[in-house]
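Read through the structure below, which is laid out as structure tokens, and then see the notes.
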Amino acid sequence: MIVLALDVYEGERAIKIAKSVKDYISMIKVNWPLILGSGVDIIRRLKEETGVEIIADLKLADIPNTNRLIARKVFGAGADYVIVHTFVGRDSVMAVKELGEIIMVVEMSHPGALEFINPLTDRFIEVANEIEPFGVIAPGTRPERIGYIRDRLKEGIKILAPGIGAQGGKAKDAVKAGADYIIVGRAIYNAPNPREAAKAIYDEIRGV
């Protein structure tokens, strides 16, 4: 249920945190800060140290060939899923899906998403239902939007909800609204005791 977003630069710090919370998480999400700070091999190292599936949150948004080149590298490094933007169109999304499992962005959790991304949600859901990714990104900061997306999304496609904790989203509200996974970063990795922070969130959503 919990995806740990490891948005840090230092590989050793990332591994230490991941190992301390692995009993309470389902996946680890690595983003550009960690990959740029520690190299793409951090994906393999995290998998070896924790046994947890890895999401490469690159939000790929380029032409098909460039998306394909990047995705080939991260899947080759051991990523189980790659996040891709939907707005670049079916051809760019499919270039990544041909190489492995994908997660498509249909809405984002930050305020700026209301300007350009979120007005196209219905179109993005249509594309997701056609392509059938592993999952889609929906905002944990707006549970009513999770419910809206869940009602229109094809059965079997998972919803992953970022924005839990530091951005103001509540874990239990997101799960009740229909999220299959909640994505939590700073509320865990910046906590004085990341393991206890992860356990508290785990206990909050267990049985919801």
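Backbone N, Cα and C atoms are what each Cβ position is placed from, and that goes for glycine too.
Now, the feature entries from Swiss-Prot:
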BINDING   Asp7, Lys29, 57-66, Ser109, 162-172, 185-186  substrate binding site
ACT_SITE  Lys59  active site, proton donor
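Structure coloured by features recorded in Swiss-Prot.
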| residue | record | Cβ contacts under 8 Å, 6 or more apart |
| --- | --- | --- |
| Asp7 | substrate binding site | Asn31, Pro33, Leu34, Gly185, Arg186, Tyr189 |
| Lys59 | substrate binding site | Ile83, Val84, His85, Val105 |
| Ile63 | substrate binding site | Val88, Ser92 |
| Gly165 | substrate binding site | Ala171, Val184, Gly185, Arg186, Ala187, Ile188, Ile201 |
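Note on the binding-site residues Gly169, Gly185: the fewest other CB atoms within 10 A surround the CB of Gly185.
When secondary structure is read from DSSP and collapsed to three states, Gly165 (substrate binding site) falls in the coil class.
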